[in-house]
Each structure stands twice: as C-alpha cells, then as structure tokens.
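Engineer: From Swiss-Prot, for reference:
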type: MOD_RES; residues: Ser250; note: phosphoserine
type: MOD_RES; residues: Lys285; note: N6-succinyllysine
type: TRANSIT; residues: 1-35; note: transit peptide
Amino acid sequence: MALRLLKLAATSASARVVAAGAQRVRGIHSSVQCKLRYGMWHFLLGDKASKRLTERSRVITVDGNICTGKGKLAKEIAEKLGFKHFPEAGIHYPDSTTGDGKPLATDYNGNCSLEKFYDDPRSNDGNSYRLQSWLYSSRLLQYSDALEHLLTTGQGVVLERSIFSDFVFLEAMYNQGFIRKQCVDHYNEVKSVTICDYLPPHLVIYIDVPVPEVQRRIQKKGDPHEMKITSAYLQDIENAYKKTFLPEMSEKCEVLQYSAREAQDSKKVVEDIEYLKFDKGPWLKQDNRTLYHLRLLVQDKFEVLNYTSIPIFLPEVTIGAHQTDRVLHQFRELPGRKYSPGYNTEVGDKWIWLK
C-alpha cells in the first residue's frame with residue numbers, strides 16, 4: 001500500500017521535473033500539463049543521447065559505512081567536477097521531489113521509522129524490514145532521477161549510495177536477527193526484477209573507516225538514536241561492502257577506495273578521477289537506441305516503481321484492503337495531491353478550465 005502511494009507521488013514528481021523551467025505569472029500555472037515528454041518522435045527527429053553525452057557525463061556514487069563523510073566528499077566532488085549532487089535518499093525522498101517538498105506523515109512514507117529501528121531493531125511490528133524495503137524504493141526512484149538528469153542534460157551526477165549498495169544493510173539486518181529469511185527472499189525478488197533495467201555507476205568511491213572510528217564519530221555527533229547502533233551491526237555492514245559489494249562492482253565499473261584521512265582531500269580524489277580510463281562496464285556497450293529506451297524508463301516514475309510491489313504475502317509490508325483504501329483517500333485529500341500538478345485549486349492553481 002505504501003509503495004502504491006510512492007508511485008502516485010513519483011508520478012507527480014516527473015511532472016515537476018518537466019515544469020522545472022516553467023514560470024508562474026500572477027498565480028497562473030504555466031501550462032506544462034500537456035505531458036510533453038521525451039518519446040519516439042524526439043528520437044526519430046534527431047534528439048539522441050550521443051549529441052549531449054561527453055566524457056564528463058558520468059555517474060559516480062560515494063559509499064561507506066554510517067558517519068564516514070560520504071555527504072561532504074560527494075558534494076565537494078560534484079562542485080569541483082561541475083556535476084549535480086544528489087544527497088542520500090532517505091525516507092522522505094519522494095516528499096522532497098513532489099508537492100511543496102515538505103515531509104508527509106509516516107502513514108504516507110512506508111509506515112516506518114529510522115529512529116525506531118535504531119531504538120528497537122527487533123521490533124515485532126516489522127518496522128525494520130518495512131524501513132529497508134521503503135529505502136530501496138526511494139533509492140530506486142532517486143537513481144532514476146539521476147539517470148534522467150544525465151540523459152536529459154549530459155551533466156554528470158554524484159550520489160551518496162545507490163540501489164547497487166543498498167543490500168549491505170539488508171545483510172547486516174539479517175545477520176543480526178533483525179529480519180526474517182522471508183524478508184530477505186522478498187527483497188531479493190524485488191531487486192531482481194528492478195535493478196536489471198539500470199546501468200551501474202561509472203565509478204564507485206568507497207570510504208573505508210574502521211568500526212571503532214565510526215562509533216567514535218557517532219558518539220561525537222550526539223544523535224541519541226544513532227548512538228544505540230551496535231558495533232556488530234556496523235561490522236556486518238563493512239563486511240558486506242568489502243566481501244560482496246566492492247568485488248562485484250569492480251567487475252562492472254571503476255572503484256576507488258580511500259581511508260578516512262585520504263577522503264578529506266577532495267582535490268586529490270578529483271585528480272584520481274581525472275586519471276581513470278573508464279574502459280570497462282556496460283556503459284561502453286550502449287548506443288543511441290539502448291539509451292533511448294533507458295530514458296523512456298527513467299522518466300516514467302510509475303514504471304520505475306511498478307515492480308517494487310509484487311504479489312507475495314509478507315506480514316511486514318502487507319496491509320488490508322480497507323486500510324489501503326482509507327489511507328489512499330486520506331492521501332488524496334492532502335493539499336495538491338488530489339489531481340495532477342497544476343489542477344488543484346486548494347493550492348492556488350487557477351484557470352484550470354483552460355488547460
């Protein structure tokens with residue numbers, strides 16, 4: 001049900017991307033609601049990816065354990081390379097890209113809580129897996145946004161984590177007994193039918209910070225919820241990164257690894273990036289036709305999230321039909337959520353009958 005709401009929010013997000021260049025004049029919504037999106041005629045008339053993609057059109061992800069400085073390094077790399085920075089996708093990522101950008105209630109965001117996970121990771125209500133499932137969907141949505149930006153503008157992108165590294169948290173949760181084996185099977189099923197449509201990043205940057213140092217940083221940060229994270233959980237995250245993620249990604253893309261001290265020198269990291277040849281991975285096999293189909297996919301947010309809801313009964317992520325209907329109607333009653341963007345009088349949209 002929550003993923004159904006995520007699809008609805010994502011659909012309006014794509015309209016918001018189209019409207020990014022539109023202007024409001026005296027409260028009248030400029031009409032971008034004709035749904036002009038990239039399609040077959042654009043491709044046939046010459047709007048092809050090869051005309052805008054350059055050597056600077058790269059997808060870079062910065063990965064690492066909790067509190068390793070990923071955000072700072074990713075932002076600095078993006079600034080120095082002239083790329084677009086995508087901060088890490090959290091629970092409220094769909095909210096940040098739709099409507100007025102303000103966070104919505106938990107009922108509309110997977111009915112999960114990161115703070116509750118830190119406080120009680122073994123909660124019997126299934127919060128831990130709902131959280132992981134929702135975050136995967138949020139990262140999937142963000143990765144599609146990043147690829148859409150790359151294919152539309154040619155500008156490179158830098159993300160903090162991605163759908164390709166999301167599983168490290170699932171493995172850590174399972175190893176610590178926070179979730180059931182059925183949850184792992186459900187996650188892997190969803191992942192297998194979604195991630196296959198996406199190209200991996202051109203480059204993965206991994207910040208290697210020992211668990212004791214991670215814990216010291218968490219304590220220094222002072223978040224009362226994060227301070228309850230155990231060293232065993234952090235160690236399992238690190239193990240998943242080093243034993244599974246990095247070896248797998250090294251076959252698909254370039255990988256750079258830095259210590260905590262080295263990661264502080266973003267200038268040196270950028271120099272290392274400039275020396276990379278980027279001579280491996282599936283991006284080299286792409287042509288205008290394959291990139292055309294990829295762009296069609298990533299601009300259709302409903303299709304992006306379509307297979308995150310699969311017909312498998314799992315108590316952690318399944319709710320009844322009546323509750324689904326009630327929450328859906330409540331969501332539709334929120335300001336600006338009843339109709340497509342530009343058609344909601346309660347948020348000031350005018351001249352709707354002319355659109």
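In case you wondered, yes, glycine gets a Cβ from its N, Cα and C as well.
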Engineer: Just to verify: the residue among Ser250, Lys285 with the fewest other Cβ atoms within 10 Å, which of the modified residues is it?
Structural biologist: Lys285
Engineer: Fill in the CA-CA distance, Lys285 (N6-succinyllysine) to Ser250 (phosphoserine), as an integer in Å.
Structural biologist: 17
Engineer: Could you tell me which three-state DSSP class the residue listed as 'phosphoserine' falls into?
Structural biologist: helix
Engineer: Using DSSP and three states only, what is the residue listed as 'N6-succinyllysine'?
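Structural biologist: Assignment for the residue listed as 'N6-succinyllysine' reads helix.
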